[in-house]
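Let me begin by presenting the structure, written as structure tokens, before commenting on it.
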């Protein structure tokens, strides 16, 4: 009987399930969107039940489309939007909406904590104190949901990022992996354990926390009533770490960029924990008793800016239209768009930056905004890569995610970076990374060498822009960013 791997890829706006075979081919996909909820300006939530329903529906659809039986699934891997914070009881019932990574409700709280504990947090977690991470979200829930702290003290509350919630619903086990734990701001990435001092700073009782395991081991088995089979759930990694693994970026200095709702650039630093003032240090994965680390630059809004063109100001009907519009111009004609809708992430870390379009004239049209949006994605990526280059040598950028289908963007990215940009044959690298981690745990694949041999380039974009143009464009971008920074403080003063 042929055996396959099921990968669950739970994102910020949709839940996907993908069936892979041994050669990394995609046999079946299920994908369902779920809504985001915005109870106040700057607040972003999900209903955890809507996440679960979309994910479970996606699982059933993927199995059906792959024309296989659940008994043919050798293992399940889970990958997820990170930092998003959920609390639930032991029956699996959510006790509040999930607070999404994009949510800014704890920005002021974090500013206070940052003043006193910034260095401690950076040293232990590799993270820059920001409302983006789970710790402040969990503190907010414990402090603001009536009765939650009391229940937590009694051991009646379970906390987790989305991977933990899904694994709990699938297996009844309360676990996470090193990569997801490293994004909570409560986990010591050197000792590989929850940190007592950090728990005290954020007022988190240890009893709510999941057990932390490697990224590739059996965490539990699916409850038989769900799929009619007890399938090992044996891979778990945050979406960006999973993409790094799916890109076969196993060696120090290998870099990938995922173009999704936001852009996330990771550089493998091997067994070395490297620190940068403006980048995050994170656990890439734990595998076979060894831990690999990474430098990460998180850009909060990139693909979401294209969604805004479509759904917010309605100047495009679909994302691919941006390429056609951008190509109508020979240059950006001085128009820049800084999509700082929820502040700016790496390397700026300005919670109070806001979106800005500059350089508009009477002749500015849809094509200028479309081009400026695509160029902004590339500029924001360069901002991060430049920071990384101070610590690790970078020869090329391996790319994945929806926006990599846009050849205009990929060529502009190569031009503005002055580096090769490589798009792989299998675009589903995030889901594939989770599948690889799950498969390795049950000996479906033999090891990293076999996985490396499966990775193939589909297209390589080489830089063709002259140095003077590159320098001029990037200088304009930096000026635009300066004007966007701190804007929320100006208007709130």
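Cβ atoms here come from the backbone N, Cα and C positions, even for glycine.
Listed in Swiss-Prot:
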BINDING   12, 16, 261, 303, 402, 406  ADP binding site
BINDING   12, 82, 83, 132, 239  sn-glycerol 3-phosphate binding site
BINDING   12, 13, 14, 261, 303, 307, 402  ATP binding site
BINDING   82, 83, 132, 239, 240  glycerol binding site
Please compare the binding-site residues 303, 402 by how many other CB atoms fall within 10 Å of each one's CB, and tell me which has the fewest.
402
Beyond the listed site residues 82, 83, 132, 239, 240, identify every same-chain residue whose Cβ lies within 8 Å of the center of their Cβ atoms for the glycerol site.
81, 84, 101, 183, 238, 264, 298
Within 10 angstroms of the C-beta of residue 16 (ADP binding site), what count of other C-beta atoms is obtained when all protein chains are considered?
23
Among 12, 13, 14, 261, 303, 307, 402, listed as contacts of ATP, what is the widest Cα spread in Å, to the nearest whole number?
14
Between all pairs in 82, 83, 132, 239, 240 (listed as glycerol binders), what's the biggest Cα distance, rounded to the nearest Å?
15
If you take the centroid of the Cβ atoms of 12, 13, 14, 261, 303, 307, 402, the listed ATP site, which other residues of that chain have their Cβ within 8 Å of it?
11, 260, 304
Let me know the most crowded of the binding-site residues, choosing from 13, 14, 261, 307 and counting other Cβ atoms within 10 Å.
261
Let's check the environment of residue 239 (sn-glycerol 3-phosphate binding site): how many other CB atoms sit within 10 Å of its CB?
27
Shortest C-alpha distance to residue 240 (glycerol binding site) - which of the binding-site residues 12, 82, 261:
82
Consider the binding-site residues 83, 239, 307 and say which one has the Cα lying nearest the Cα of residue 16 (ADP binding site).
239
Where does residue 13 (ATP binding site) sit in DSSP terms: helix, strand, or coil?
coil
Intrachain C-beta neighbours of residue 82 (sn-glycerol 3-phosphate binding site), sequence separation six or more, cut-off 8 angstroms:
101, 161, 162, 180, 183, 238, 239, 240
Measuring Cα to Cα, how many angstrom lie between residue 12 (ADP binding site) and residue 132 (sn-glycerol 3-phosphate binding site)?
14
